[in-house]
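Trainee: Below is a structure I'd like to ask you about.
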């Protein structure tokens, strides 16, 4: 499975889109993906706990990110508006990801790995704080009592004066957002200083949820183009070269979920990790979120396509783990996830006679949707 894979209209979108590109550029998915250090022999209990925890963690951002993707486009705050991926973007994405991947490979060959990872740590620290803060914000709104003195703030940067004045940054936030930012900063400092796996996972889950929530495919055809292109990308760079595995081994950033296989023996200080790249969560996740929005648009009080694709993801992820664990060899996760996540909903649409409707439907930000 992949070890590591995924601009800037707003802070949350920057954390989502920038990470998505990095995720796919470093989608290792090689032998390290779900295997611990070669010298360590995990117990069956430890292996089962690690794999099960990774699957559970992968499902959380897909499920909740998909739900939030339905409502985020109705937000009046420009900072929370989603970024739409068109068919042209989807077609170019595997090429851009390949160039980025090979560029990182050359960087790690030419320059010191230590300094590159230092820069990456600072970069992902900033993105992680923003992503985790945005993820926590709805929860904080429910946690704080109504009597909490929640003051409104506005961060405004302008250029020029008088009639020629132009807005550069206009961001509105409140006291609750500042509390979220403070908590996220504490997690960020913890990650920078200790690189602890729990801090890594908090950032990773936030990146994945923001990606699924804020990156919107405009239609099912675009989703098929994106997943199909990254299917070829994943298979080529894993089976065809050692570039992806080399970069993933060198790339130190919270763009993968990890869980120790020796947790039962060493507790929180365990160090032999099973890993799952965020790209194997976000890429299928944004397609699953699209199908949920399609379900909502049908106004049939049904979530058939969402649940069928969600179950397909579980099946594809489980199959990836089984094949890799059985053959002890690198497996591109998208090799199994893409056919499952696309094939299951298409079969359902064929049986329901809605295939043409599904592929002709477009999601627009202006679309008004409600849960029934």
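A Cβ is built for glycine as well, from the same backbone N, Cα and C atoms used for every other residue.
According to TrEMBL, the protein has these features:
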TRANSMEM  48-70  transmembrane segment
TRANSMEM  90-108  transmembrane segment
TRANSMEM  114-132  transmembrane segment
TRANSMEM  199-217  transmembrane segment
TRANSMEM  224-248  transmembrane segment
TRANSMEM  273-292  transmembrane segment
TRANSMEM  304-327  transmembrane segment
TRANSMEM  333-351  transmembrane segment
Trainee: Taking 3+ C-beta pairs under 8 angstroms (sequence gap of 6 or more) as contact, is the transmembrane segment (224-248) in contact with the transmembrane segment (90-108)?
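Mentor: Yes; at least 3 Cβ pairs under 8 Å.
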Trainee: What stretch in 48-70, 90-108, 199-217, 304-327, 333-351 has the biggest tally of Cβ pairs under 8 Å against the transmembrane segment (273-292)?
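Mentor: Looking at each of 48-70, 90-108, 199-217, 304-327, 333-351 in turn, the most contacts to the transmembrane segment (273-292) are made by 48-70.
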